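Trainee: Provided herewith is a single structure, encoded as structure tokens, for subsequent inquiry.
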Amino acid sequence: MSELSYRRILLKLSGEALMGDGDYGIDPKVINRLAHEVIEAQQAGAQVALVIGGGNIFRGAGLAASGMDRVTGDHMGMLATVINALAMQDALEKLGAKVRVMSAIKINDVCEDFIRRRAIRHLEKGRIAIFAAGTGNPFFTTDSGAALRAIEIGADLLLKATKVDGVYDKDPKKHSDAVRYDSLTYDEVIMQGLEVMDTAAFALARDSDLPLRIFGMSEPGVLLRILHGAQIGTLVQGRS
């Protein structure tokens, strides 16, 4: 097998990715499969960090639209990401990995505070780092949190796993003639309003020259193939 094209990555998983065929919570079979994928990538020599959303448990923005205070809702959403991070930590540790959960909000009896230098040290020591609670601030999505953490740890690549196999010009579930892009610039994504991540996350990654690959993770071994240079999904990088 060829050498790795990327040595340090951050993988962003949605909370919904943990549900499987359910409509809420965590499917043990799904999280176990995802854990195997992550460990396979790490055993190949990559330093792996994770950010997991919380939408399978709670979505603050949705309840804010129904009248809940937005800041309160977002704080509840941050706690949901901590729950998912702990679940993934457990799944990874059962497979023999060394894992650290680091939170943007203080929950010291449950996990570590996020400290950039410590996070990098964990990765250098062969531990998988899971970053929870987004940026620690309301009004920012976990996509923005993933972009921020990827920049802070000096990741070579930000990966976002989605339900589809890349970025399309329109919703492929609704339009049979939808066309998938192999590559895009950040400016093209923002100008065309392609809603695969929020604009703040795209702008952060663009301004830091961080490449982003958006792909589907339903196929076993796909993460490892990307690390070895396979052109899977859509690569977003650079400016127009």
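If you go along the chain as it appears here, the first residue is 1 and each next one adds 1.
Every residue, even glycine, has its Cβ placed from backbone N, Cα and C.
If you look up Swiss-Prot, you'll see Lys12, Leu13, Ser14, Gly15, Gly55, Arg59, Thr162, Tyr168, Asp171 marked as ATP binding site. The UMP binding site feature in Swiss-Prot is assigned to Gly54, Asp74, Thr135, Gly136, Asn137, Pro138, Phe139, Phe140, Thr141, Thr142; the stated evidence is sequence analysis.
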Trainee: For Phe139 (UMP binding site), identify the closest of the binding-site residues Lys12, Gly55, Thr162, Asp171, judging by Cα separation.
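Mentor: So, of the listed binding-site residues, the one sitting closest to Phe139 (UMP binding site) is Gly55.
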Trainee: Give the number of CB atoms, excluding that of Thr162 (ATP binding site) itself, located within 10 Å of its CB.
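Mentor: 21, counting other Cβ atoms within 10 Å of Thr162 (ATP binding site).
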Trainee: Mind giving me a neighbour count for Lys12 (ATP binding site)? Other Cβ atoms within 10 Å of its Cβ, every protein chain shown.
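Mentor: Taking all protein chains shown, Lys12 (ATP binding site) has 27 Cβ neighbours within 10 Å.
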Trainee: For Gly54 (UMP binding site) and Ser14 (ATP binding site), what Cα-Cα distance in Å is obtained after rounding to a whole number?
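Mentor: For Gly54 (UMP binding site) versus Ser14 (ATP binding site), the Cα atoms are 7 Å apart.
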Trainee: Tell me which of the binding-site residues Thr135, Asn137, Thr141 ends up closest to Ser14 (ATP binding site) in space, Cα to Cα.
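Mentor: Going through Thr135, Asn137, Thr141 one by one, the closest to Ser14 (ATP binding site) is Thr141.
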Trainee: Tally every other Cβ atom lying within 10 Å of the Cβ atom of Asp171 (ATP binding site).
Mentor: 10
Trainee: Hey, what's the Cβ neighbour count for Phe139 (UMP binding site) at 10 Å?
Mentor: 14
Trainee: Looking only at Ser14, Thr135, Asn137, Thr141, the binding-site residues on record, which one has the least crowded Cβ, with the fewest other Cβ atoms within 10 Å?
Mentor: Asn137
Trainee: What residue among the binding-site residues Gly54, Gly55 has the most other CB atoms lying within 10 A of its CB?
Mentor: Gly54
